[in-house]
Amino acid sequence: MLKKCLPLLLLCTAPVFAKPVLTVYTYDSFAADWGPGPVVKKAFEADCNCELKLVALEDGVSLLNRLRMEGKNSKADVVLGLDNNLLDAASKTGLFAKSGVAADAVNVPGGWNNDTFVPFDYGYFAFVYDKNKLKNPPQSLKELVESDQNWRVIYQDPRTSTPGLGLLLWMQKVYGDDAPQAWQKLAKKTVTVTKGWSEAYGLFLKGESDLVLSYTTSPAYHILEEKKDNYAAANFSEGHYLQVEVAARTAASKQPELAQKFLQFMVSPAFQNAIPTGNWMYPVANVTLPAGFEKLTKPATTLEFTPAEVAAQRQAWISEWQRAVSR
């Protein structure tokens with residue numbers, strides 16, 4: 001009788017010892033073997049007595065699209081990889097809960113006062129090029145767009161990618177009502193528009209373009225990991241558009257306490273030290289930057305719309321872009 005009951009007893013008691021799983025939706029380059037994801041996973045699991053499950057999607061806008069589709073049935077406990085340009089749209093979904101993280105725990109340009117979304121890094125959009133191949137890079141966004149130079153350009157889709165959305169807003173800041181004409185000119189130099197950052201940067205490294213939309217911090221990877229200094233970010237006279245990447249916990253999470261603990265962990269040194277050489281962005285906490293970051297392009301001017309401005313105009317500007325590049 002005891003032998004018959006033993007398997008049943010084990011089945012009944014096994015869940016008691018199973019570790020809880022915290023599911024984090026993020027973008028592919030964060031979760032990749034070469035991204036900060038593995039380091040973050042190891043550090044958090046060492047402290048939480050849980051399993052951290054990273055679910056990778058193509059890019060930041062795709063995260064919001066996926067969450068909208070899944071709604072309250074989403075398996076995500078935390079969404080990591082939205083940004084300052086999606087704050088208003090993300091808030092209006094009603095799918096996120098307050099973070100419990102103090103605003104003064106983070107340090108980003110312009111400050112931070114949102115009680116739902118927590119920054120984990122920041123950076124500036126830029127066009128990266130190979131100095132060995134491009135001797136006279138554009139000195140401004142207008143030069144990139146309007147020059148007679150036959151530069152080959154790759155950027156990301158603003159409907160699926162946060163860098164792509166960043167370029168959309170950057171163009172709008174510089175050109176205003178003339179943005180559609182600027183997009184038409186840039187289209188003549190555009191090799192392709194990708195869904196996400198990883199694909200675009202990979203094509204650039206294969207020699208498919210002269211310039212690729214990325215970040216002022218991207219050359220740090222080549223400097224530190226490859227010991228190469230031939231990649232640089234073009235420094236544009238109009239300034240560079242700021243991106244602050246954020247995470248938030250979902251209101252429907254089955255692990256609300258773990259999700260809140262993860263957000264607190266996100267602004268700690270254990271997470272933040274993985275950002276400069278894992279995500280190749282600037283950390284939001286006071287951690288030491290590695291040697292090599294001092295060589296990076298430093299924008300003289302920071303460009304940014306408010307989240308409300310982006311929310312009010314984003315769809316209209318995307319429609320303008322679609323019409324312009326399809327002509």
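Just so it is clear, glycine is given a Cβ too, placed from its N, Cα and C backbone atoms.
Among the candidates W34, W183, W197, the one that Swiss-Prot lists alongside D59, G60, S161, T162, Y215, T216, T217, S218 as binding thiamine is W197. Under the three-state DSSP scheme, W197 (thiamine binding site) falls in the helix class. Highest local Cβ density among the binding-site residues S161, T216 belongs to S161, counted as other Cβ atoms within 10 Å over all protein chains shown.
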